[in-house]
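The following features are taken from Swiss-Prot:
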BINDING   GLY14, LEU15, SER16, GLY17, ALA18, GLY19, ARG20, GLY21  ATP binding site
BINDING   ASP65, VAL66, ARG67, SER68  GTP binding site
Amino acid sequence: MESHEGIDVVLVTGLSGAGRGTAAKVLEDLGWYVADNLPPELIARMVDLGLAAGSRITQLAVVMDVRSKGFTGDLDWVRNELATRNIAPRVLFMEASDDILVRRYEQNRRSHPLQGTQTLAEGIAAERAMLAPVRAAADLVIDTSTLPVPALRESIERAFGGETVAYTNVTVESFGYKYGLPMDADTVMDVRFLPNPHWVDELRPHSGQHPDVRDYVLGQPGALEFLDTYHRLLDVVIDGYRREGKRYMTVAIGCTGGKHRSVAIAEALAERLEGGDGLTVRVLHRDLGRE
């Protein structure tokens, strides 16, 4: 699907419970600025901000649903208003079968926005009828009835990702076991199998960021082999996370106090990961300076 000059605009709409929120999250991961249920006039103002010189907003996604008063009229107004700026917003319409929507609402124990005193099925039917013209005019319709989230993500990335890479954000975190495991770690590796620089008098005062400590740690038997092997393993894990739609990962490296070995290994591992496609890597030394 083609992009538009100046600012690219996608209006995300569809049946309640069909996955609008998930679609918005995917677009956000792709670098889109996402706004939820803006009044129509604010959508136009947001676009004007995006068109202004120096603006960082080049891709705007707005989630719209039937809770907005005069929804179909609002949508038409937005499209006509943006047309005066030579912008043709694309419409992404999310839908699912009635039985799937009923099941989702029952599982979440929520009421449908159009249900009122009606049955859930009647509320869904009313919304479907109301949105029929919108669906007919949509640029892309995605049926999530049998679509798992990774496949939904792939469909949206294919349609709206353009040349944008959906980055996986990896945090490599060193820590000391004596202070406890990091609560946010997705995977933990123990590097206490390496000799401890703490017992080398001239290295003890320095951290794993010091060149002498780093050289000492990486020069130990098994250190580089560990780094190479773990790097290859993480490549497999990261690819799997991407397929499952997980964009954030914390890799924890632990030693006794979080000062020498884990710091040096975390730094070296991050350097290897930084060469990977579609990765943003940062290093966090949780317990450095804590001793």
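Every residue gets a Cβ built from N, Cα and C, even glycine.
Projection of Swiss-Prot feature records onto the structure.
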residue: GLY14; record: ATP binding site; DSSP (3 states): strand
residue: GLY19; record: ATP binding site; DSSP (3 states): coil
residue: ASP65; record: GTP binding site; DSSP (3 states): coil
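For the binding-site residues shown (GLY14, GLY17, GLY19, GLY21), fewest C-beta neighbours within 10 angstroms: GLY21.
Distance from the CA of ASP65 (GTP binding site) to the CA of GLY17 (ATP binding site) is 11 Å. On a Cα basis, ASP65 (GTP binding site) lies 9 Å away from ARG20 (ATP binding site). Local packing around the Cβ, expressed as the count of other Cβ atoms within 10 angstroms, is greatest for LEU15 among the binding-site residues LEU15, ALA18.
For the pair ALA18 (ATP binding site) and ASP65 (GTP binding site), the C-alpha distance works out to 11 angstrom. Note: the ATP site is recorded as GLY14, LEU15, SER16, GLY17, ALA18, GLY19, ARG20, GLY21; in the same chain, ASP65, MET94, GLU95, ALA96, THR144 also have Cβ atoms within 8 Å of that site's Cβ centroid. Every protein chain considered, the tally of other Cβ atoms within 10 Å of the Cβ of SER16 (ATP binding site) stands at 22.
Counting every protein chain shown, the number of other Cβ atoms lying within 10 Å of the Cβ of ASP65 (GTP binding site) is 19.
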